[in-house]
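Taken from TrEMBL, the feature transmembrane segment applies to 322-339, 346-366, 372-393, 400-420, 432-452, 464-489, 509-530. According to TrEMBL, the domain 'TM7S3/TM198-like' annotation covers 325-529.
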Amino acid sequence: MLHWPVAFIEYLSNCVASECSRLGSTNVGLKKMPSSWLMYIFLYVLVCDGVVAQVENRVVFLFNTFQNVNVNENETVQAVVSRIPPEVAFITLQFHTQHSNATLSYTRMPGLGLSLTAVDSGLLSPLIPGQTKLSWFLLAPDGDSVAGTGVILPYTSSDPVPGACNLEFDLDIDPNVYLHYNIFETTIRFAPANIGYSRGSNPPACDTEVGENTRWRLRYDIYQYFLPESDLSEQSLITSIQSVANVQTMREHGKRLMTLSSNDKTEVVFSSIPGQGVIYSVIVGDPVLNTSSSYIPVHTYACSFSSTLDGCDTLGKISTRIFFTIAGLAGLFVCFCGHRFFKCELFCMGFGFAAFLFFVLITRTTKLDYDIRLTLTAVIGVVGGVILVMSWWRFGSVMSCVVVVGLMLGFLISSIVFFTPVGDIQVFRSNVVFWVTFSCIVVGVPLFFVRWPREGNITTCGVAGAYAVVLAVNAYIYTSLSYITLNILKRFLNDNFSKAFTDVPFQDIDFIMITVWVVLGVSGIVLQLYRERTRPFFPPSPYLMWLQERERRKTNVLDPSHHTSSLPSRLLARARQLTGRRETAGECTPLLL
């Protein structure tokens, strides 16, 4: 379709070049230009503008109205907003995709300091007096088409200017929030803002003064918004972005986590939740003028959509599902029958105790593959369970075994305490304070149940066994309750995790799983207490019973078992009977009565 305009442009350019060569110079004033040359130039510009209009798409935005935009490969889309009211001092454009990078640029050709490439990108443009129209450019940087949603937000001269005091990032005024994540933590950073100013005036200095009339009076509210659990669809993200894009909607739907002053570092760390979509936003407020502006919201799933291993679509590993399915079945058994089958309970508790400690140790000291670490953890867990059972079988010390079981209950209770908002209190950012408090709760629980060991053991069976069922369900359906213990595990494995906010979403599935946990735990505890009310507190040690039985047989001559030969002697005699040849007795005479 574009062959004939391009050919015509080439023809016009040749005509202009021939006229230039005929005059002998290209630096000719308009007065000396012949009318034919002026006509060629006019046609050349007119046609070129028409060709560009065909190649380059234009998308017209309205204020506060989202526009879905598709950027094809090797295509530039011009975003245009017009009829800007005179009271608007600056405008932000934000563009969001689910996982593909898009480039926003002030110019048609992106350049350093003039463009930004990201999944959640935005630009801020101050306006000059009399300006009523503004445009930006959208491109697909990775060679593939990009689809996303964008919105333009206007602000007045009294509103703070997000990122106007930027000294760290490439853009001169950078309203973006930069996000980085790993398996443990998610970090957001942003540039400081400046107080608002009117069109055409010079922006206030950022760091020359520290007073109430400078940017140091500004406050930064950090907001968080959770997407629906287990929903990785693009439509869910777009709907959520549209519901929290500006100041008002984020305050209505989001959760304010903290407020930073201008003296604080513009960096916040959160706990990562792989597979859970989260939107973070920063709202800068001016307490003097009672105005506020929004930075560009940014989202993350704490996982990769492009990775074939450990990607968002492959979070549920088969090995993890097998491991926790078996653990859930064992937990269900312990919840209702643990105290009756004491050896099985000790094995399960010893398994969990040893497996947790070994997984922390091997993860901190080696870089083995996850499946290998999980296999070794299961092996060491079996060894730990056998050791705990054998220690009770050999020595018969019920109290020492119950203390180990009580530590499991203390660990769960302490983890639950720090899973609540208590864990985000500033004083627990210190590792020393956290671990001392955590350890005191863990040790205090078994000490509390020393007076009632049977009740403490049954309570541990009900609570820990029911939680194992919750972890088994989490292997198939995401639930935030798994982070009760996972947050503690992350703190064991990552020295910097103390800086992270451990807030997680609570949605319908979580309330259902809390109900399941409570019902299973209470039912198991009540059933076992009722069933064991007339039985001995704990079963006796098999080894000690064997020693007592052997001593009794030695001293009690009236016991028929006293005259029974030992087991090895009986086995040897039986073997001789089977292998020896029977001798003939010769003549057999019947016995007389």
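Positions of Cβ are set from backbone N, Cα and C atoms, glycine also.
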Stretch in 322-339, 346-366, 372-393, 432-452, 509-530 most in contact with the transmembrane segment (464-489), if contact is a CB pair under 8 A: 322-339
Long-range environment of the transmembrane segment (322-339) - Cβ separation under 8 angstroms, sequence gap at least 6: 345, 348, 352, 374, 378, 454, 457-458, 461-462, 464-469, 471-475, 520-521, 523-524, 527-528, 532
Sequence-remote partners of the transmembrane segment (509-530) [C-beta within less than 8 Å, at least six residues beyond its ends]: 229-230, 332, 335-340, 455, 458-459, 461-463, 465-467, 469-470, 473, 477-481
